[in-house]
Amino acid sequence: MTLILGIDPGSRITGYGVVRQTARGCEYVASGCIRTGSGELHERLQIVFRGVSEIIAQHGPVTMGIERVFMARNADSALKLGQARGAAIVAAAEAGLEIAEYSATQVKQAVAGTGGANKEQVMMMVMHLLKLTQKPQIDASDALAIALCHAHTRSSLVPHGLTTARRRGGRLRL
């Protein structure tokens, strides 16, 4: 049994989802959103860092999946997103979690079967896979999808004797 944290980073709303990976699949543990309000950027980043740290302390995940930054039309938005992502990564690294990064296409492919799935399709698959009876908030749904993608990736590596794949540089850590 492994607890996995999924993070959908944002400078105003950061979604989180925690799932328990068992031999039979994944089970829902918790999800929600860290809302930072409209303060100064450094204050919002601190809220993201503290929020992720609290979630880790409360639920005790051992690994985290996080969405990669995509280049939006607005470079300023992409930079802020990257900074929020960095705050979440530092919180996880401070807690000793293994960290993996996934593109939005990888997450959609793993959860919905197609990299072109829309948010509603991803949410419906998250609800189906985790047997949820109520729709989660959209950012929480995305975070749960990231956690499911990470669980799927981890389980496909474990049978080959690999515990963590380092995508950068093509090196594997056994």
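Heads up, the Cβ atoms here are built off N, Cα and C, so glycines get one too.
Going by Swiss-Prot, these are the annotated features:
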- Asp8: active site (ACT_SITE)
- Glu67: active site (ACT_SITE)
- Asp139: active site (ACT_SITE)
- Asp8, Asp139: Mg(2+) 1 binding site (BINDING)
- Glu67: Mg(2+) 2 binding site (BINDING)
Distance, Asp139 (active site) to Glu67 (active site) (CA atoms, angstrom): 12
Distance from Asp8 (active site) back to Asp139 (active site), taken between C-alpha atoms, in Å: 6
Asp8 (active site) CB neighbourhood, other CB atoms within 10 A: 27
Assigned conformation of Asp139 (active site) - DSSP reduced to three states: helix
Cβ neighbour count within 10 Å of Glu67 (active site): 25
Around the Cβ of Asp139 (active site), the count of other Cβ atoms that are within 10 Å: 23
